[in-house]
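Here the structure is laid out as structure tokens; the discussion comes afterwards.
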């Protein structure tokens, strides 16, 4: 068993051992918050800094001089200007904010990429992934470990094929990212729904009924009363999840549940930053306009609100 499989087994066993009957499993995929700060520019630009840079990177700018902040911001602007036309649009800024907020995903992909691109050709084939992930456990399975690795491999192969847009069974880094984090890609949402339904639909009728829905979240322990949140979830299923009132959720109803259409915080923040910085009101930003408003975007030791040191107690 390779390290990845060992860690997979360990995490699953640990989760099982530590789980409690009243714990709630959350299958809903929400967009992450841009910041846990209050968005009030009259008091501080902390929210904007977190949104533009990501919370961890924002802390590093709090320790820079204004000159250093402007220099680093200028380099960031060059990355945001995707088409290299000298302007930053709302869409380019929105894409950057989403990248900054999901940087951990790309870091995770980089870590896994190194372990799966076995021939180091800049691509990961299905054979490479299968051999790196399942090779040992399929050749020498442990009958006592409780995991059906063949079933897991079939499921992974189906997801890999879905992520692989050109159908050559060889993933680019973008396709590999879609494979590892399908909830982040519109074209992968159907596979997220399918896998979720397979996990919950115990009688394999292609639907999720009320008892399956509750059973996935809550394991009843003896004669104890149901927690209040379980009663609330029963009501949620009847009133909101099961839209056509047939007593079960189909694929579309399941999709609405686990992949809700959230308010686009990244787009709202991008529009806000453009509005505040667009001096000539042409609807897009030059590097000069952004750097002139560096205190809004990134801050420094000498911003309007003067944070000379990182405030460790806030994080």
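Here the Cβ of each residue, glycine as well, is placed from N, Cα and C on the backbone.
For 44, 69, 261, 277, the entry in Swiss-Prot reads phosphoserine. Positions annotated as phosphothreonine by Swiss-Prot, on the basis of similarity to another entry: 65, 254. Positions annotated as domain 'EF-hand 1' by Swiss-Prot: 68-103. Residues annotated as Ca(2+) 1 binding site in Swiss-Prot: 81, 83, 85, 92. If you look up Swiss-Prot, you'll see 104-139 marked as domain 'EF-hand 2', on the strength of sequence analysis. Taken from Swiss-Prot, the feature Ca(2+) 2 binding site covers 117, 119, 121, 128. For 151-186, the entry in Swiss-Prot reads domain 'EF-hand 3', with the evidence type sequence analysis. The Ca(2+) 3 binding site annotation in Swiss-Prot covers 164, 166, 168, 175 and is backed by a curator's inference. What Swiss-Prot records for 201, 203, 205, 212 is Ca(2+) 4 binding site. According to Swiss-Prot, the domain 'EF-hand 5' annotation covers 229-264. As annotated by Swiss-Prot, Ca(2+) 5 binding site applies to 242, 244, 246, 248, 253, with the evidence given as a curator's inference. The Ca(2+) 6 binding site annotation in Swiss-Prot covers 278, 280, 282, 284, 289, and the record cites sequence analysis as its basis.
Summary of the Ca(2+) 1 site environment: with the site residues 81, 83, 85, 92 set aside, the chain residues having Cβ atoms within 8 Å of the Cβ mean position are 80, 82, 84, 86, 87, 88, 89.
Same-chain residues lying 6 or more positions outside the domain 'EF-hand 3' (151-186) and placing a CB less than 8 Å from one of its CB atoms are 29, 102, 105-106, 108-109, 112-113, 116, 122-127, 129-130, 133-134, 138, 192, 195, 198, 259.
The local packing around residue 166 (Ca(2+) 3 binding site), expressed as other Cβ atoms within 10 Å of its Cβ over all shown chains, amounts to 9. Excluding 164, 166, 168, 175, which define the Ca(2+) 3 site, the same chain contributes 163, 165, 167, 169, 170, 171, 172 within 8 Å (Cβ to the Cβ centroid), listed in sequence order.
Put plainly, the binding-site residues 117, 282 were compared by Cβ crowding within 10 Å, and the winner is 117. Within 8 Å of the Cβ centroid of the Ca(2+) 6 site, not counting the listed residues 278, 280, 282, 284, 289, the chain contributes 87, 274, 277, 279, 281, 283, 285, 286.
Taken residue by residue with DSSP, residue 81 (Ca(2+) 1 binding site) is part of neither helix nor strand, so it is coil.
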